[in-house]
Ligand SMILES: O=C(O)C1=C[C@@H](OP(=O)(O)O)[C@@H](O)[C@H](O)C1
Ligand SMILES: C=C(OP(=O)(O)O)C(=O)O
């Protein structure tokens, strides 16, 4: 976990950003590749794994529950699984650090095993709502003992055999969907998740890739019905993790808002459930193009080139939100530089991420000179039409990596530097971020 000592850093304009960079492996896919490999019978290999703190928390938890997980090289990992149903009782509390994905997916996994586990996390994670997983998992017979507000520290007492459920997601959340599906792996019969609003589908793709029997049917209303046959036997796999589009969004927005810039990010995951950010930036007039499009390990991948662009404000349709949910902080930075008004709505979920991202972005952007209005479920931003940010402020990152990186990007086109009070949380998802940004400055 990152050090308790805050590490401040100042980000200043340097002129054009130019070059070609690679971003680390996709965080969602990295978590799932460790979890499913740990549940397969035999040895899986993963390359391109994100070696950020969140994913390392998942690796440590899977080890504590019996899997043999070993790093064999940079981004290269070897995992010997225990088989579905084979998870062992962890001897100490599972420390999930800052990671909501690790916590929620593993709560599901533990729920259908005859073990119990206590989940703990940092100050940010300990404020995040877990009822969204407790509610469906309680229907399977698992028991939960959570801190007030359904928060961590939290104890899960799993049950085996668990009762299979059919559950309609009340909130668009890939974490909740995945928790239910992972629980379904060791549950007799068919577990069904009904998903009215599509969210990232990495779990579905990877479960099928590991040999689970899973079907996805979209009904006439566009609602997805995901059905998993339980008591599955997973076969070990070799997985190549594509670059994280959520991380790629930072150098791409930095290039779009900094005059004279041209940046290429290679090997970026282009799963359509993740690419809302690029579509919205293009709708704003961003000069973005894709090359070398291919499929890697069941996921579409491309190289993305972005050039400085005169962006125009748009209205972001709320139904796009799940496909760019983690990118809104840096999207707000881009919108602040556009000409005209950008309106966002339907973003209540941003208030329960690592921080209240609507409140923090509204406060921070206002401090660097942006005109905006904060609504309950979104921000309305009046862009500067390309005028640099005033800057000269210190931004609180509040244990939120995406807030820290968004203001680092804003600093690339600010009249006075932007100080982020603590950049250490960046190591949760993008440990090479500062080095990458530096490599693009000439
Ligand atoms: O399933 C996943 O890997 C994730 C799902 C999203 O969370 P929600 O399910 O809470 O929307 C996203 O914000 C998070 O960074 C990763
Ligand atoms: C919300 C995020 O992650 P998590 O929920 O896994 O903490 C994120 O990476 O922006």
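Just so you know, glycine gets a Cβ as well, placed from its N, Cα and C.
What TrEMBL says about a protein is an automatic prediction, not a curated fact.
When the candidates 71, 128, 200, 205 are compared with the phosphoenolpyruvate site entry in TrEMBL, which names 27, 100, 175, 357, 402, the shared residue is 128. Over all protein chains present, the Cβ of residue 28 (3-phosphoshikimate binding site) has 28 other Cβ atoms lying within 10 Å. Note: the region 'Disordered' (1-24) comprises 0 helix, 9 strand, 15 coil (DSSP; helix = H, G, I, strand = E, B). Of the listed binding-site residues 27, 128, the Cβ environment within 10 Å is emptiest of other Cβ atoms at 128. For residue 326 (3-phosphoshikimate binding site), applying a Cβ distance below 8 Å and a minimum sequence separation of six or more within one chain yields 246, 353, 402. Once the Cα atoms of 27, 28, 32, 173, 175, 326, 353, the listed binders of 3-phosphoshikimate, are compared pairwise, the greatest separation found is 19 Å.
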